[in-house]
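Colleague: I'd like to ask some things about the structure below.
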Amino acid sequence: MVQSSVLGFPRMGVNRDLKKATESYWGGKISQRELLAEGKRLRGEHWKIQKEAGINIIPSNDFSFYDHVLDHIQLFGAIPEKYSKHNLDPIDEFFAMGRGLQSPHTPEAAAVDVPSLEMVKWFDSNYHYVKPTFQDGQNFKLSSNPKPVAEFLEAKEAGIITRPVLVGPVTFLALGKADRDQNVVPISLLHKLLPLYEEILVKLKEAGAESVQIDEPCLVLDLPPKVRNAFKPAYDKLSSLGGKIPELVVATYFGDIVHNYDVLPSFSSLHGLHIDLARNPEQLETVIGALGEKQLLSVGVVDGRNIWKANFKKAIETVETVVQKLGKDRVIVASSSSLLHTPHTLASEKKLDEDVKDWFSFAVEKTKELAIIAKAVTDGPASVREELEANAKSMEAKATSKRTNDPKVKERQSKITEEMFNRKSPFPIRIAQQQEKLNLPLFPTTTIGSFPQTKEIRIQRNKLTKSEISEEEYEKFIEREIEDVVKIQEELGLDVYVHGEPERNDMVQYFGERLTGYVFTTHGWVQSYGSRCVRPPIIVGDISRPAPMTVKESKYAASISKKPMKGMLTGPITCLRWSYPRNDIHQSVQAEQLALALRDEVVDLESAGVYVIQVDEPALREGLPLRQGLERDNYLSWAVKSFRLSVAGVQDSTQIHSHFCYSEFQDFFKAIADLDADVLSIENSKSDAKLLKVFVDEAYPRHIGPGVYDIHSPRIPSEDEIKDRIEEMLQYLKPEQLWVDPDCGLKTRQWKETKAALTNMVNAAKFYRQKYSKSS
């Protein structure tokens, strides 16, 4: 028979149960025992869902209280000394690495003050993983109660034999980095790490595991020779263990692996190989040719990255092609990747129009799709005739729906000219006019946009949704919040203010709700990092802006501010990438539609007296195709043009800012420069300041604000710590270029820590302002 498999299941639960439990634990509202019990309940519930759907191969060890890579950091004892020296309880040490820890001295315990480890995007998804950080002389040690074994046994006790999931040894090392001031090359540690994989696999075999999924997604990347060459010794060693360990299935996803064809023989003696055919179906024939004589192929035909129903006809045809070449017993029907990137279940959505809802499939529904496809191939289409007919009707309804096409939008796109992509004058002329208008000091300070979203803000927003207060009452409440935020910024001494975004639920959803072409879920939450969940909008049709979206709040904020007010918008690529995009037209078309809508908003903000406008593009790096080549070049071309189209309608004296997550710009620096933003703010507090050298090497002429402290952690950086960061930055940037700001928005933080951190930031900026004023 053709078996069905899920590579991983969402962790949060149907009602974001894990988020609520972890945040309650951090806040001291529940005990560690209660937290662990909730984790066990969720795992059991998720295994049961998959079993009842008819899934044959169910994963374990895909659950995490924060991040699965962080789980492996702790599993292998790759814990930096700044955490291990405090002898924290394992779960508290785990969270300290994920989010930092700042606790005062008590009679029972010494003071702890540690930042979090660096967190970056998981390949080109919107999920963040914690980056392994290695030391010179790094050693590894398996934890005393290995999580993969414990969770396998937990499922076994519940009557479910699972397939444990491990991040592969090559990917674990390849995605890591040397700690600051360390010279270790992570992949050189393979010989030290492999014995721990042997040990954990032997333990899993002894526990009763029949097979183990080893995730090696770095195979879809352009790999340095040392990493490419690491696969053969790693998997030769694991293969040599034979019956001492479970059967191994190496899983790849998010791209094709054909360019690493010479690596594939390294896996030929293993039980199976998984490939992502939702993303790259063209790799199938080549991969089949590289399989071992008895090796299984797991085909990812149900997309783990989007919410559209699988096209059963196409999926079944693909699987049958594989079956004809390999036979049914050598084929597994699988999700393309973990379902971590999809919401929990469509059953929770009570407000979606039924015609549109019929186009979607969330994690629970995707497990059923996999079982149906496997059954159709095993027992024939007649065994699932009703399901196939219903699916065909859904595909036809979506393809012919009038909701997807707006002739007016297409007409406007056809009238775009080259002049619309360019500002009126080059940067030197613009910055002179902006300085005259804004009168900013050296080392100007600002924030990235949002301020803490308090419980009271959420309560009032919820009351409006339930019609318990009027629109007018809600607007008055928002005005009072804006007044408070402006006053706080005055007291802090910031130089460019923001209105705080109290009216916004999410930086993409807020805009999507004010644009045509979008639909929204009420429970479609997905994990972004740790306990942070987002509810991505869904693009179902052509996009336009019926009316101004942010002008009212920004205009009011500017009217009560003594200093420049910054208007805050989310850029076209981020609106696209942090939504579920349409799968019937190219993403470049959707980005252009978003850019035209935002262009109208930017011009309206300027007309309303807002002369600093930030158009955030944190997802630009995330959307970058994973490999060098024509696909990447084409993406950067249309992504940059979309940004420029959105901002180029303003006067030279209006200052355009943009914000980006992460400082890994080396691969596409030219595109960053081509955006032509007047001020670029980047997440940088966890990165080595040496990464800023690219701005020097490329003679970047415009202004830059590398983040000086991490906003993902509640930890408060000291003034001296921020001064040190600024000093490092000044090794690479000119004083007249440098802005001082946090890493990102402050929405998820509390007011007490926010004020304290910003006070230290402003004081540090004033120190350098005074220092360089004297020297000049």
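Note: Cβ is positioned from N, Cα and C throughout, glycine not excepted.
These figures come from a predicted structure and were not determined experimentally.
Below are the features I grabbed from TrEMBL:
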type: DOMAIN; residues: 4-325; note: domain 'Cobalamin-independent methionine synthase MetE N-terminal'
type: BINDING; residues: Lys19, Asn126, Arg532, Cys533, Trp578; note: 5-methyltetrahydropteroyltri-L-glutamate binding site
type: REGION; residues: 391-412; note: region 'Disordered'
type: COMPBIAS; residues: 403-412; note: compositional bias 'Basic and acidic residues'
type: BINDING; residues: Ile448, Gly449, Ser450, Asp616; note: L-homocysteine binding site
type: BINDING; residues: Ile448, Gly449, Ser450, Glu501, Asp616; note: L-methionine binding site
type: BINDING; residues: His659, Cys661, Asp674, Glu683, Cys744; note: Zn(2+) binding site
type: ACT_SITE; residues: His712; note: active site, proton donor
Colleague: Grab the L-methionine binding residues from the record (Ile448, Gly449, Ser450, Glu501, Asp616) and give me their largest CA-CA distance in Å.
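Modeller: The two farthest binding residues have Cα atoms 14 Å apart.
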Colleague: Near Cys661 (Zn(2+) binding site), which residues of its own chain have a C-beta under 8 A away, given they sit six or more steps off in sequence?
Modeller: Lys121, Pro618, Ala619, Arg621, Glu622, Ile682, Glu683, Cys744
Colleague: For Arg532 (5-methyltetrahydropteroyltri-L-glutamate binding site), which residues in the same chain are close in space, meaning a Cβ under 8 Å from its Cβ, but six or more apart along the sequence?
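Modeller: Result: Lys19, Thr748.
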Colleague: Select the most exposed residue of Asp616, Asp674, Glu683, where exposure means the fewest other Cβ atoms within 10 Å, treating these as the binding-site residues.
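Modeller: Each of the binding-site residues Asp616, Asp674, Glu683 was scored; lowest Cβ tally within 10 Å is Asp674.
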Colleague: If I restrict to non-local contacts, at least six residues apart, and a C-beta distance under 8 angstroms, what lies near His712 (active site, proton donor) in its own chain?
Modeller: Arg99, Gly100, Ser116, Met119, Tyr529, Gly530, Asp743, Cys744, Thr748
Colleague: Just to verify a number: CA distance, His659 (Zn(2+) binding site) to Gly449 (L-homocysteine binding site), in angstrom, no decimals.
Modeller: 10
Colleague: Could you tell me how many residues in the compositional bias 'Basic and acidic residues' (403-412) are helical, how many are strand and how many are coil under DSSP?
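Modeller: Counts, helix then strand then coil: 8 helix, 0 strand, 2 coil.
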Colleague: At the level of the C-alpha atoms, what whole-angstrom distance separates Asn126 (5-methyltetrahydropteroyltri-L-glutamate binding site) and Asp616 (L-homocysteine binding site)?
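Modeller: It is 15 Å, counting Cα to Cα.
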Colleague: Would you mind reading off the Cα separation of Trp578 (5-methyltetrahydropteroyltri-L-glutamate binding site) from Ile448 (L-homocysteine binding site), to the nearest angstrom?
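Modeller: Checking the Cα atoms of Trp578 (5-methyltetrahydropteroyltri-L-glutamate binding site) and Ile448 (L-homocysteine binding site) gives a distance of 18 Å.
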Colleague: Apart from Ile448, Gly449, Ser450, Glu501, Asp616, which residues in this chain have a Cβ no more than 8 Å from the mean position of the Cβ atoms of those residues at the L-methionine site?
Modeller: Thr447, Val498, Met507, Met568, Gln614, His659, Cys744, Gly745, Leu746, Lys747
Colleague: Sorted by position, what residues of the same chain at least six away from Cys533 (5-methyltetrahydropteroyltri-L-glutamate binding site) have a C-beta under 8 A from it?
Modeller: Met12, Arg16, Lys19, Trp525, Val526, Gln527
Colleague: Going along the chain, which residues six or more apart from Ile448 (L-homocysteine binding site) have their CB under 8 A from its CB?
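Modeller: Long-range Cβ contacts: Gln614, Asp616, His659, Ser681, Gly707, Ile711, Asp741, Pro742, Asp743, Cys744, Gly745, Leu746.
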Colleague: Around the C-beta of Trp578 (5-methyltetrahydropteroyltri-L-glutamate binding site), how many further C-beta atoms are within 10 angstroms, looking at every protein chain?
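Modeller: Here the count is 23.
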Colleague: Which residues of the same chain, at least 6 positions away in sequence, have a Cβ lying under 8 Å from the Cβ of Ser450 (L-homocysteine binding site)?
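Modeller: Val498, Gly500, Glu501, Arg504, Met507, Met568, Gly745, Leu746, Lys747 - these are the non-local Cβ neighbours of Ser450 (L-homocysteine binding site), listed in sequence order.
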